[in-house]
Amino acid sequence: MINLDDKNNIGRVIPVSDIVLLPGMYHTLKFNKFSETQIESLSDEDIVNIALPLKQNFGQSKLKEEDFHRVGVTFQVNAIEKTEKGYKAEIKILDRVEIKTFSIEEDSIKAEFEFAPDIIDLTEKSKDEMVEYIKKVTREISENFKGSEKFMLAVEGQKDLNKLMGYLSHFMQISSEEKYDLLETQSLKDRGLKFIDYLLKQKESLKLQFELAEKFTEKANKNYRETVLREQLKAIQEELNEGKSSPSKKDKNYLNRIEEAQMPDEIKEVALEELGKLESQSPNSAEYNVIKNYLELLIQLPWKKQEFKDIDLEEARRILDEQHYGLEKVKDRIIQHLAVMQLKNDKKGSILLLVGPPGVGKTSLGKSIAEALNRKYVRLSLGGVRDEAEIRGHRRTYVGAMPGRIIQSIKKAGEINPVMVLDEVDKLMASYNGDPASALLEVLDPEQNDTFTDHYLDVPYDLSNVFFIATANSLDTIPRPLLDRMEVIQISSYTMNEKFHIGKNHLISAVLEEHGLNDTQLVIEDAALERIISEYTLEAGVRGLKKQIATIARIASEKIVSNKVELPFKVKEDDLEDLLGRKVSSHDKAQDDNVPGVVTGLAWTSVGGEILFIEATGMLGSGQIVLTGQLGDVMKESAQISLSLLKSRLPINAINFRERDIHIHVPSGSVPKDGPSAGIALFTALASLVTGIKVDSKLAMTGEITLRGAVLPIGGLKEKLLGAQRAGITKVLIPKDNVVDLNEVPQEVKEQLTIIAVETVEDVLRETLGISLPRIEHIFNPNKFIEGTFKPAEE
């Protein structure tokens, strides 16, 4: 038995029915069967009162545990008033609770409970917006009723979301179950959305009632009478147990289509149920079109399982080679992935993530994979999508609801196993409408997506047969749980030679066809094409190159149509300034000569690799280090490490750093720069400054340094070496741990560069300044140093 004297989680249950009680509300309860003693005990602060909803109104019958719902609210009594039939009490709702056990006695019901407070998943701003929206809809409803001004004054005075919902629920025609559903919903956001849904249904219902009443008063509306008669006929048939009449020709057509769709049994059952609803509706009713559209979606979706077809790897390789020049490592990865699918005889879809700069062929690779697999190809552009409903669809209760884009794409493909490209997945955005990236977790999880449930479809759909290919420019903005579900394939920027072959063998012919030209009318010479690539584009891919070729094609088209040129119209290198204007490329070039303190570093940007000049100079001052060029925190720390390492390792006692300022600048000051890979370049620039030894202007370097003088590996080596080769660099220092990454670098680039691996700053200074550092044990013994001199590097 429960001891009511135990004040921990024990309370007295007051049964209530057909009302909504939410925390923070004030309400009046009637107690027609309570004795005076029982009424007085309601105000006892030592007893917890719990208002607990009944599942239905049981009248005089004795209540049992199963008659109650499990979620209720505690309340305090503010005032009690005697009435003709009993008592009424003004109460304030305190907390939401969940009942664990009951103890039902002759004159009281007690229960053990635990608190289940609301989940506040709305910001104050969102709550205020939801309150204002509810008031707005209520105003629109009240305009149809005379004398509603007093009611609206009470509504406008409500500021709390729970209080407003509880107050309005007394005037709404919603079922007891729907009222209890509001209380049972713990999320404040979900409760508000459900209430708005009920309110909008109420609005539409009242609107229809007023319209029908008006039409019926003016004239016995045929459609209205038909609706009433249909409902009456349906009720009579159910009462007489006659069932439905024989199906019409239209219904037989739907039955045949449902059979032909080869749905799973549970889906077929849903479709037949919807068909039954459709038969009972008037074609002119709003519900008729909602049911019809849903039924059409069920029928048109592909349900039939596809047999796994053998993959012709040679044909797949041929298609990839034919449609994409270069990218050998990427194509190898794709072919290997297809080979694994073939060996496993795996019908389940795969999930690849192609990551790389814009214009390198990520989306078109997905199309080629679809062709290689002989599957349908569909593409979803997800850039800027911020509504979860775009992925999961809208619930059918909303006006204008539709399925999510995943289900729409499957319907468009007409097959259950298409290749689906999710483009720009890194540009999904979260908002108050939900997080689309989180919605994609179910779509891209092989353990879950065989029962993916779209909100509109509302039945499980098997996505496990779909071959998903996502594309992104960067991994940084992709949530980690989503990234874990995909196999990442990096696509690097193209080399100059690759761009030339792509332009010559693919882009020129494609652009000519788009502009109605052929190779007998327009010819772009090789030298001109090379110059377009080097001076009129600044990109990792070839999208800008295609635009420049298209510009030339448009100019040529105008000249050819006007008979202003002889055919073929040849574009030479010297013609480019007249056709394309001033060159737009701003790639830095290696300098012819350097001064002490200037070093060439290497950077990796979204459009490929670049060289980066680092300049250092000294002056009289107070020992400060000045850093300019819009450097990030990591790069500033690299400069501090370089200076500390310089002071500790070089024999420079002749320089008093307390009386000298050092200024380090990285040109292109409007461009933000960050990262640790400029460490050895910063160190070398400072060493060059204090020793007065120049660094070869054709030498560039990249690598992170530590206070121990170690050179650590960096990222983006391929792009950096491509940028060095393009800028005219002939010698590059890289970290020793990055030597393995040279396998990713095209052979043509490696042949034009002398690449030297370095492991410590001693190696760096030996290659750049031709000096060696003293042994590390001499660092704190300046007497061992020869002031102002350096030991030449050993051969």
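A Cβ is built for glycine as well, from the same backbone N, Cα and C atoms used for every other residue.
Since we're looking at a predicted model, the values are computed, not measured.
According to Swiss-Prot, the protein carries these features:
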DOMAIN    11-203  domain 'Lon N-terminal'
BINDING   Gly356, Pro357, Pro358, Gly359, Val360, Gly361, Lys362, Thr363  ATP binding site
DOMAIN    593-771  domain 'Lon proteolytic'
ACT_SITE  Ser677  active site
ACT_SITE  Lys720  active site
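Shown here: features listed in Swiss-Prot, placed on the structure.
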{"residue": "Gly356", "record": "ATP binding site", "Cβ neighbours (10 Å)": "24"}
{"residue": "Pro357", "record": "ATP binding site", "Cβ neighbours (10 Å)": "21"}
{"residue": "Pro358", "record": "ATP binding site", "Cβ neighbours (10 Å)": "15"}
{"residue": "Gly359", "record": "ATP binding site", "Cβ neighbours (10 Å)": "20"}
{"residue": "Val360", "record": "ATP binding site", "Cβ neighbours (10 Å)": "28"}
{"residue": "Gly361", "record": "ATP binding site", "Cβ neighbours (10 Å)": "24"}
{"residue": "Lys362", "record": "ATP binding site", "Cβ neighbours (10 Å)": "25"}
{"residue": "Thr363", "record": "ATP binding site", "Cβ neighbours (10 Å)": "16"}
{"residue": "Ser677", "record": "active site", "Cβ neighbours (10 Å)": "28"}
{"residue": "Lys720", "record": "active site", "Cβ neighbours (10 Å)": "28"}
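A separation of roughly 11 Å, to the nearest angstrom, links the Cα atoms of Ser677 (active site) and Lys720 (active site). Averaged across the domain 'Lon proteolytic' (593-771), pLDDT for the predicted model comes to 88. Comparing Gly361 (ATP binding site) with Lys720 (active site), their Cα atoms are 20 Å apart once rounded. The two recorded residues, Gly359 (ATP binding site) and Lys720 (active site), have Cα atoms 18 Å apart.
Mapped onto three states, the DSSP output places Gly361 (ATP binding site) in coil. Cα separation, Gly356 (ATP binding site) to Lys720 (active site), rounded: 15 Å. Excluding Gly356, Pro357, Pro358, Gly359, Val360, Gly361, Lys362, Thr363, which define the ATP site, the same chain contributes Leu354, Thr471, Asn473, Ile491, Ala540, Gly541, Arg543 within 8 Å (Cβ to the Cβ centroid), listed in sequence order. When the alpha carbons of Val360 (ATP binding site) and Lys720 (active site) are compared, the span between them is 17 angstrom. Rounded to a whole number, the distance between the Cα atoms of Lys720 (active site) and Lys362 (ATP binding site) is 21 Å.
When the binding-site residues Pro357, Pro358, Thr363 are ranked by how far their Cα is from the Cα of Lys720 (active site), Pro357 comes first.
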